[in-house]
């Protein structure tokens, strides 16, 4: 039991924003060292970098704060469902900002996700206006972050490594200030396990894994669309939603809510099937003449 307790010490860490600062620091360190060793390439800093990156840093802060604030306001299954609104918002922003067009089958799948989310949210017996507002704000910031990241990782702009590096550079100081003002930084520095080598190892590992997660997300957006990245990220929540019903302890069952959850999940799976099938089709050779 003692070894299990030590294994999950990081779960008791009271300062998620401080952990985010560690992940930004790891991102800066890894990419800077890699650039010095010519492993990766991205533009050197100049006066045009903030203009090229804008408004990603502001969106990142809004996404980070609204995400941390919303998780404690809702039950786990309802949080999972309302986060699905990121998908149609991403679809809309891609059409407006990137000028993309999607076939009807993809749009129908997205609207199935919306329908299921509306049914589930409309019959939620633990309605919390503040929680709903925060999570919908988080959806807007997440969708905007995905679309603008897709736009900025163009090699003619900053590239994927430049977006990761400069976004972390510009946001680490404001995040530290916010962490100080909310008391998050003080909670982190007074955490009792800083003298424990195992906890320090877990903290450092989580910082580097945080970088790996951000890099994987940017890489997925680079090779796919922001919408596909959003949907693929949402699929993992299928298991989270159903596990939350069984062991979360805060889910209040109702038939309409349960039906809505299943419609929402089915729409997400349908989108994934259509996207994977479309990507697997061989390109038809055109008439050479």
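Cβ from N, Cα, C; glycine included.
The domain 'Sugar phosphate transporter' feature in TrEMBL is assigned to 10-272.
Marked as transmembrane segment by TrEMBL: 6-32 (among others).
The transmembrane segment annotation in TrEMBL covers 104-123 (among others). Distant neighbours of the transmembrane segment (104-123): 77-78, 81-82, 84-85, 87-88, 91, 132, 254-257, 259-268, 270-271, 274-275; these residues of the same chain sit at least 6 beyond its ends, with a Cβ under 8 Å from one of its Cβ atoms.
What TrEMBL lists as transmembrane segment is 129-149 (among others).
Here TrEMBL flags 161-182 (among others) as transmembrane segment. Beyond its flanks by at least six residues, the transmembrane segment (161-182) meets 15, 17-18, 20-21, 24-25, 27-28, 31-32, 34-35, 40-43, 45, 49-50, 53, 56-57, 60-61, 64-65, 149, 152-153, 188, 214-215, 218 of its own chain at Cβ-Cβ distances under 8 Å.
Positions annotated as transmembrane segment by TrEMBL: 194-214 (among others).
What TrEMBL lists as transmembrane segment is 226-245 (among others).
According to TrEMBL, the transmembrane segment annotation covers 251-271 (among others).
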